[in-house]
Every structure is written in C-alpha cells, then in structure tokens.
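These come from TrEMBL:
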- Asp254: active site, proton donor (ACT_SITE)
- Arg66, Gly67, Ala68, Arg105, Gln213, Asn264, Lys265: substrate binding site (BINDING)
- Cys174: site 'Transition state stabilizer' (SITE)
Amino acid sequence: MSGSESSAGPSAPIDVELPFETLSWVGGLDGHVTMLEQTFLPLREEQLLVRTVPEMVDAIYRLAVRGAPAIGVAAGFGMVLGIAGSDRDVLEVARETKKTLDASRPTAVNLMWATAKVLSKLESLAGSSSQEELRAAAFAEAMAIYEGDRQTCRTMGLLGAELIQDGATLLTHCNAGALATAGIGTALAPIYTAHAQGKRVHVFSDETRPLLQGARITTWELMRAGIDVTLITDSMAARVMSEGKIDAVFVGSDRITRNGDVCNKIGTFGVALAAKHHGIPFHVVAPLSTVDPYLDSGKLIPIEERPASEITEGFGNRTAPMDAKVYAPAFDVTPAELVTSIITEAGIIESPSMTGIEAALDRGGVQWRKG
Ligand SMILES: CSC[C@@H](O)[C@@H](O)C(=O)COP(=O)(O)O
C-alpha cells in the first residue's frame, strides 16, 4: 500500500452525495416507480417509468434495474403496484404478485426477501385491518425497504472504508455500486466513503462479460463520482494482480449461504482464486438481506442462465457462428475459504463461517431461526 495517512478519522460520519439515482417511488399509493434505464448506459441517461407488475417484471428481467439490493427495492415497489392496481382482496393479490415478481430472476435472494417482507406484514395485519389499511401498510413497508437499503449502504460504507488505506488500489467485478442499490452501493460504498474521508483511491474495474456491467455501469458511475478508475477486461485481472498493482478486491453478492459461500456475477470466483494466489484480501460487501439463512451451502443456490444471444450478439454484433452451442450461467459461487471478510451493516464477518454468519444475523435482529 502506498501513500500517506488519511486526512479524516476512520469512522467520521460522511455524507456521500452522488449525481444520479437508481430508482424511487413517485407520488402516493397510486403513484409509480421511476428508474434509471441501465441498459442504455453509458450512452444515454433516461428514466423508465414503471406503473404495473408486468412492467416491473420486464424491467428486472431485462436488467433495466439490476444488482441484488436494487432488485429487492424494485420488487417491494412491485408489490405495491400490484396491490394498488387491483380492487380484489389485498392478501390474495399480494400472494399472486409475490409469485410473479419472484419468478423474474432466480439468484438474487433480496428479491424474494423483499416480496416476503411486504407479504408477511400484510398477513400479520389482515385479521385486524381494512383493505385500505392493508394497502397503506404495503406502501409503508416498501418505502421502509427503500429507506433501509439507503441506510444500510451508508453503514457498510463506513465499516468498509476502515479497510481502505490512503493511496490504495482496489479491484472490483461487475457493478455493486450505487446503481445496484437505492443508496451508495455495496462494494463501492466503502470506496465512496474512503474518498469522501479524503483518502486517495484508485479502482480497477473488470469489464464483466457478457453484459459489461463493469465497463458500462461501474466505470460510468465511478467517473461521474470523481473516483480514479481504470477499465480492464476480465481476463486481465490476474495479470494486474501479478504486477503488484492491487491492494484488495471489493465485490458485492447476490446470495450468501449460511456457511459463508458467496454467489456473485459470473467471473467473481476466478477473481477470488487469483486474489488468493497473490495473497490479496478479497472482501465481500453485502447487506443481511443478501444472506440466505435457509441454504447451508452455495451448491444449493439456483444459478440463473441467460439467453445465448447475450453472448453471441450481446450488443448487436454477431460474435459467434450462427447456431453455436452456448452455456450462459450468470453467476458463480466463491467458496467461503477464499473470502477474507464479509462487510454487513451488522459488522464485519472475518473468515466467514456458519458461526460468524449466524452471529451477524442475530446482531442484525434478523428472525431466521425456524420454530
Ligand atoms: C450490490 S450488487 C451485488 C450483485 O448483485 C452484483 O455484483 C451482481 O452480480 C449484479 O448482477 P446483475 O446481473 O447485473 O444483476
């Protein structure tokens, strides 16, 4: 690590202001969602208005909104769109809407976590509340998920920034930034916070095949935020590490199982292996809503497969022979033993194991024990 001491205290509360917003709710119960259409980045900044459940499913599936926590917030809003858009029994509609939204993408557990949160709120109130009160409760719960995500990002940012020294050069994969959350991001939150604390930080961003979230989104948002960023292809990461250029890796996650295995964008496992080889710390930054306490191992995580066309003609140009056989898993699993730490809003889990994960869930007040 090069450079001098940071000019600000490690835990100084910092307000990180970013010049863009991933998604938000507009208006009251009869309102709608507005989101930055991420498939257009970095060429165009356009807002997508989402007013119905099918529109939300489409936005999530197409990756107009993406990144585990942002998908969770979007799904919470999607529950409200379903409920507010129907005259039928609220609980019945909520159950149907949850099923529809949950099917839009299978891997990021934040999606099912958010829809379950809204539904269980309604189930707990159904016996004693009117239909109007239930609609208002769904809206309040979705807004609480949105606000909670923003606060969680700030907390993870402060905790993670303590692991970043002045002058550090970091590597990240995919986009686990502000555009993957409703706040300042997961993996990028410590970087934004360290920067705001006055530390000098340089980031290498893997381009992230096949949909280029690293090139299109991470590079875009770090440049917009004034962070020094250098784009590399995924295949260059091990080389850059071998040149001694990387002090630590920071990535996000779509699902963490109870034993500490970490599922994230395809290519993350390779980055973790290369980091281990070079003795480089591999940090995962994720809220507790990304922890799936009901799966004991990463082997049990459903891995999304994307259409072949995203590889063979990703951005309009054909890059493989017609009818080439293609396999396109969108995520991989990094075994816990390759993970240095998981930074959550309930503290940092060092060398993650079942004991550490369970303790963090308990500290965070997550009701996960059955019975
Ligand atoms: C804070 S986001 C963590 C992960 O969701 C992120 O790294 C990732 O893999 C996103 O994949 P995407 O397919 O773009 O939704």
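We number each residue from 1, going along the chain as drawn.
Glycine is treated like the rest: Cβ placed from N, Cα and C.
Sequence features, as recorded in TrEMBL, placed on the structure.
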{"residue": "Arg66", "record": "substrate binding site", "Cβ neighbours (10 Å)": "25"}
{"residue": "Gly67", "record": "substrate binding site", "Cβ neighbours (10 Å)": "30"}
{"residue": "Ala68", "record": "substrate binding site", "Cβ neighbours (10 Å)": "27"}
{"residue": "Arg105", "record": "substrate binding site", "Cβ neighbours (10 Å)": "22"}
{"residue": "Cys174", "record": "site 'Transition state stabilizer'", "Cβ neighbours (10 Å)": "30"}
{"residue": "Gln213", "record": "substrate binding site", "Cβ neighbours (10 Å)": "27"}
{"residue": "Asp254", "record": "active site, proton donor", "Cβ neighbours (10 Å)": "32"}
{"residue": "Asn264", "record": "substrate binding site", "Cβ neighbours (10 Å)": "29"}
{"residue": "Lys265", "record": "substrate binding site", "Cβ neighbours (10 Å)": "28"}
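Across the residues annotated as binding substrate (Arg66, Gly67, Ala68, Arg105, Gln213, Asn264, Lys265), the widest Cα-Cα separation comes to 17 Å. The DSSP secondary structure for Lys265 (substrate binding site) is strand. In sequence order, Ile71, Ala108, Cys174, Asn175, Ala176, Ala180, Gly252, Asp254, Phe331 are the same-chain residues whose CB sits within 8 A of the CB centroid of Arg66, Gly67, Ala68, Arg105, Gln213, Asn264, Lys265, the residues recorded for substrate being left out. In this structure the alpha carbons, written CA, of Arg66 (substrate binding site) and Asp254 (active site, proton donor) are 10 Å apart. Nearest neighbour of Cys174 (site 'Transition state stabilizer') by Cα distance, taken over the recorded positions Ala68, Arg105, Asp254, Asn264: Asn264. Asn264 (substrate binding site) sits 5 Å from Asp254 (active site, proton donor), taking the Cα positions as reference. For the pair Lys265 (substrate binding site) and Asp254 (active site, proton donor), the Cα-Cα distance reads 8 Å.
The two recorded residues, the residue listed as 'active site, proton donor' and Gly67 (substrate binding site), have Cα atoms 7 Å apart. Reduced to three states, the DSSP call for Ala68 (substrate binding site) is helix. In the three-state DSSP scheme, Cys174 (site 'Transition state stabilizer') is classed as coil.
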